[in-house]
């Protein structure tokens, strides 16, 4: 049984690598010039699987399970692409148009912070209508403490190792974790109802 479980696990890892990791890696490197053709192919696959989903009713694709699976998939893909881009950006094979913009515009890596903010929003207590018995400042402190610890750890490590820091990205002492912590604190103070969050986000975007 243990041997069979190991083989099943290795087969699952191999399939994930072939169908998820490898295509994404190729699109962001050697196939970057054909990215639009790849996107059209992925769109056709999406249409195909959507048709299959409507034709064959699958239990795990219905009701709350469907939303939970979609959110989990989005979080996994966002985390994977973020890690991949962070590691690949230092290599010449990675297209510069995917890197963070310097003065204006939006690139692939600029979408990373927004995607993490969106993930935190759709999984927050407000979005799930979960009432907390703690006061707002205690809830904000509990949710931001890990982010602040990671932010200060990154700051201390970069300063102690004299690691190169792209000043045009977040400045000298700021980083990604501080941004997420700031957004979490701000949303705890404002406490915008979930039904009005989309309107507020659209106003801020405009």
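A Cβ is built for glycine as well, from the same backbone N, Cα and C atoms used for every other residue.
Here TrEMBL flags 9-28 (among others) as transmembrane segment. Listed by sequence, the residues of this chain that lie at least six past the ends of the transmembrane segment (9-28) yet keep a Cβ under 8 A from its Cβ atoms are 35, 38, 80-81, 84-85, 88, 94-95, 98.
Look at TrEMBL and you will find 34-52 (among others) tagged as transmembrane segment.
Annotation source TrEMBL lists transmembrane segment at 73-94 (among others).
Marked as transmembrane segment by TrEMBL: 106-123 (among others).
Residues annotated as transmembrane segment in TrEMBL: 135-156 (among others).
For 176-194 (among others), the entry in TrEMBL reads transmembrane segment.
Below 8 angstroms of C-beta separation, residues 125, 173, 175-178, 180-181, 184-185, 188-189, 191 of the same chain, each at least six residues beyond the ends of the transmembrane segment (135-156), sit close to that stretch.
When Cβ-Cβ distances below 8 Å are used as the criterion, the transmembrane segment (176-194) is approached by residues 112-113, 116-117, 120-121, 124, 126-127, 129, 136-137, 139-140, 143-144, 147-148, 150-151, 154, 170, 200 of the same chain, each at least six residues removed from its ends. Within its own chain, the transmembrane segment (106-123) has Cβ neighbours under 8 Å at 71, 74-75, 78, 81-82, 85, 89, 97-100, 176, 179-180, 183-184, 187, 197, counting only residues six or more beyond its boundaries.
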